[in-house]
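Remarks on the structure that follows.
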């Protein structure tokens, strides 16, 4: 889909740009442990500053359940933004009300302020019209750059667009371009690598990508339900009984479409699901009845490598093993390295696979690392995201 962006807006000079960012960053004892999402918003903020806008930033943080809670204050974000932008970013004590509006009206061109957490109001997640109107009084134009919240029809992502001219920021544009490009017209061969623990959370993505892919790699905990549906023994591995038929139908449809599906050919197993469990290699599709599948084996990795090295487009979403346990993270690490060394277009989306490329310092070797967890998933499922829909041409 084609969205209107900041480049399509005639003049920002002297105008208050109400910019919805995704500053939902991890905090440890009040300090930001990963500022990726803050840095992702900088290009839009800098662009608006250069054009004389008065920048009013708005975001949510955590789940404060519609109540003011200092634990979820955006103050640490304002401090980090001040460092990154090299200027004072004033933190306002609220996100609506006459005091806040007056503060925004007294801003000078190039000033940046941050409103307090919009989720301190229950009306935010209900997309309450009155709340959206009050929020819109802090701006003259609405810029949505919060791709990570684009799948939510909330007051600050959708509601304010009813009251202000609305455009997307550069992050929103980039996500739309890369994820949209994969769904519309991927260069071939196109390989989809889908991992994660549950079929239930990934089946819609698998079905959406099946007709577009040349190869689909299925790994992680959900692979065992697919293996079981093919008659292999999976021991004590994760099994979703209600998805066995769906997994079987998916594999049948793949065969009909001529799409190659790679399932684990061999396994790293353990006696139980524990980070201290001893890894054991099984050179077979079948897993002994007293063992749990924890990661993919060397033969599976070789098979994946063969398709990845010739791929022109790769989408990777979800880890291939129990990535959070070091002894069982090798499969995911190796796949991250393969994707990073591919010369084609590579897109990584979904919290755990993004964490993997960051952990192994490979993010700069990936064409596009998506910032949206749930939003990326829903986009790849082919759903229309409300936060993007309001920006369409």
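Note that Cβ sites are derived from N, Cα and C of the backbone, with glycine treated the same way.
Long-range Cβ contacts of residue 62 (substrate binding site) within its own chain (separation 6+, distance under 8 Å): 24, 27, 71, 72, 117, 119. Secondary structure at residue 62 (substrate binding site), as computed by DSSP, is coil. Per Swiss-Prot, the feature substrate binding site maps to 22, 23, 24, 37, 60, 61, 62, 63, 119, 152.
Marked as ATP binding site by Swiss-Prot: 202, 293, 324, 350, 351, 352, 353. Residue 324 (ATP binding site) has a Cβ environment of 12 other Cβ atoms inside 10 Å.
Of the candidate binding-site residues, 202, 293, 352, the one lying closest to residue 22 (substrate binding site) when CA atoms are compared is 352.
Neighbour count (other Cβ atoms within 10 Å of the Cβ, all protein chains): 31 for residue 353 (ATP binding site). In this record, substrate is bound by 22, 23, 24, 37, 60, 61, 62, 63, 119, 152; the longest C-alpha to C-alpha distance in that set is 18 Å. Residue 293 (ATP binding site) falls within a strand when secondary structure is assigned with DSSP. Long-range Cβ proximity for residue 352 (ATP binding site), meaning a same-chain Cβ under 8 A and a gap of 6 or more residues, is found for 195, 196, 318, 319, 323. The binding-site residues recorded for this entry are 202, 293, 324, 353, and the Cα of 353 lies nearest to that of residue 60 (substrate binding site).
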